[in-house]
Amino acid sequence: MATAGGSETCSHGFSLDSSLLLPTKEPNWEAIPESESEKLCIDDMLDVYCGEFGSWQLRHFVLTSLAWALEAFHTMVMIFADQEPGWRCVEGSGSWCDEKAESVCGLEPGSWEWEGGPGSSTVAQWGLVCREKYKVGLVQALFFAGCMIGAGVFGHLSDSSLGRKGSLKTVCILNAIFGCLTSIAPDYFTYLLLRFLTGFSTGGVGLCSFVLATEPVGPTKRGVAGMSTFYFFSTGIALLSGIAYIFPTWRALYVASSVPSILFLFLVIPFISESPRWYLVRGKINKAMKIMQAIAKSNGNNLPEGVILALDDEANDASNDNQSSSKEAVSGSIVDVIRSPVTCIRLFLAIGISFTCSVVYYGLSLNVVNLETNIHLSVLLNAVAEMPAFTITAVLLDRFGRKPLAIGTQWFSAIFCLTGCVVGSVRMWEVIKMGCGVLGIFGMAGTYNLLFIYTAELFPTVVRNAALGSATQAAQMGAILAPFVVVLGGVLPFLVFGICGLVGGMLAYYLPETLNKPLYDTMRGIEEGEADWRIT
């Protein structure tokens with residue numbers, strides 16, 4: 001028997017609400033009337049209702065940042081795959097071979113052989129020594145050239161059609177394919193092409209992972225979270241040294257370093273969420289609100305009804321009565337960055353700093369493979385040595401701000417690089433010179449990682465990855481140049497590294513501070529917001 005209240009009385013006398021029998025519909029936040037809604041930008045919603053860094057953000061941050069280890073695998077694998085192995089004289093070679101010779105260039109062909117056989121590295125496989133030695137550097141240069149192109153392409157795609165998660169998935173698929181194909185390269189030129197293509201896809205891994213990991217984090221926690229992503233890169237380098245020890249041949253090593261990308265695709269990416277900021281600027285409010293609701297619930301908080309996300313310019317504009325405007329996708333490109341008086345100077349400064357920082361960081365790092373020690377141990381120690389720089393920078397980041405730290409770490413590195421230049425090549429000062437190099441890379445490692453969080457905060461969501469991609473492209477150009485600086489030999493490399501550190505610090509002086517400022521979503525939002533900051 002139906003009742004006036006809309007419930008039914010069962011034959012046993014129990015009352016059952018008929019609404020419970022109907023499927024529950026997800027709320028449509030886009031249909032909430034203006035008069036009944038409270039518009040908040042993402043930073044405010046995280047701060048007031050959801051939580052800035054709770055269990056949801058921690059899980060999402062860790063899963064997403066694992067991609068940095070994949071980038072380390074594909075970038076640093078060349079240290080082991082392209083190394084020049086040891087050699088020995090063939091029995092019976094007699095006077096045709098002298099094991100005291102510094103290289104094999106002056107020895108009679110056939111009088112010596114590679115230790116570990118021709119499959120131990122690409123150098124042994126294709127004879128990349130003596131006059132052919134430049135081909136090893138060419139592979140490295142083309143890999144970073146691919147990274148430079150890929151950073152720009154995937155930086156744009158992650159801001160536009162593919163999104164952050166879609167771009168990360170795409171680059172992981174390409175990395176797995178190109179990495180495995182590299183292992184069966186029949187000749188040097190095929191190997192060269194595949195390393196370029198691997199660089200193209202690798203160029204998008206770090207920046208997509210970084211932005212996706214940090215965008216759901218609240219403003220006061222974002223700095224430390226952003227700096228912490230680079231522990232995963234250093235851990236990846238350390239793990240790679242162990243993988244290379246287990247798989248001593250270069251073909252097996254490329255397969256072993258590519259398998260983690262496949263595992264990441266199937267075991268990690270399904271549990272990663274798209275950035276709510278990207279959904280918001282693309283006009284997908286319901287999807288963005290669903291993620292914010294999940295964040296609040298997982299963090300033990302409650303997101304009240306009537307609270308809705310809005311772009312920063314809408315949330316701050318009380319006269320905006322056009323509800324449909326929040327449903328339209330807002331796009332941007334690197335052209336918009338250049339046209340804006342607020343972001344144009346920031347872009348060119350970020351590009352200049354990224355270039356000089358990369359020259360120093362990769363230039364000093366190359367000395368590790370030239371040490372006459374166990375290469376696996378050397379790479380492991382180099383990776384571990386960078387971690388204190390990340391910790392110190394993360395601790396000081398929110399205390400002193402991004403700008404003073406960017407200046408200080410670069411000048412710290414420059415001081416020790418110039419000291420290494422003054423010391424020169426006198427044998428009794430070799431230990432001091434080595435210490436200068438270690439402290440130089442220690443300072444620049446802090447700068448290199450700080451630049452990611454700093455650059456991400458300098459630009460709004462609609463162009464964040466495009467701007468970060470441009471800065472990454474500049475860093476890859478520095479990485480291409482670094483080996484040629486090292487070839488100069490003597491005191492010149494330290495001199496160049498010191499000058500680069502000084503110039504980078506001076507460029508950072510002209511950047512604005514972003515500590516405790518909101519993470520803007522639109523070009524209009526950042527222009528109006530920065531105008532308000534200047535007034536206050």
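Heads up, residue numbers simply count up from 1 along the chain you see.
Using the three backbone atoms N, Cα and C, a Cβ is placed for every residue, glycine included.
Summarising the annotation, TrEMBL assigns domain 'Major facilitator superfamily (MFS) profile' to 60-516.
The annotation transmembrane segment is assigned in TrEMBL to 137-155 (among others).
Taken from TrEMBL, the feature transmembrane segment covers 192-212 (among others).
Residues annotated as transmembrane segment in TrEMBL: 224-247 (among others).
Sequence annotations record features per position, and here TrEMBL assigns transmembrane segment to 347-369 (among others).
What TrEMBL records for 375-397 (among others) is transmembrane segment.
For 404-426 (among others), the entry in TrEMBL reads transmembrane segment.
Annotated transmembrane segment per TrEMBL: 438-459 (among others), in sequence order.
Sequence annotations record features per position, and here TrEMBL assigns transmembrane segment to 480-511 (among others).
Of the ranges 192-212, 224-247, 347-369, 375-397, the one with the most Cβ pairs under 8 Å to the transmembrane segment (438-459) is 347-369. Most Cβ pairs under 8 Å with the transmembrane segment (404-426) belong to 480-511, among the candidate stretches 137-155, 224-247, 347-369, 375-397, 480-511.
In this chain, the transmembrane segment (137-155) does not touch the transmembrane segment (347-369); fewer than three CB pairs sit within less than 8 A of each other, excluding pairs fewer than 6 residues apart.
Residues 137, 140-141, 144-145, 148, 345-346, 349-350, 352-353, 356-364, 366-367, 402-403, 406-408, 410-411, 413-415, 417-418, 420-422, 424-425, 436-437, 440, 443-444, 447, 454, 458 of the same chain lie 6+ residues outside the transmembrane segment (480-511) yet bring a C-beta within less than 8 angstroms of a C-beta in it. Remark: the transmembrane segment (224-247) contacts the transmembrane segment (375-397), by the rule of 3 or more CB pairs under 8 A.
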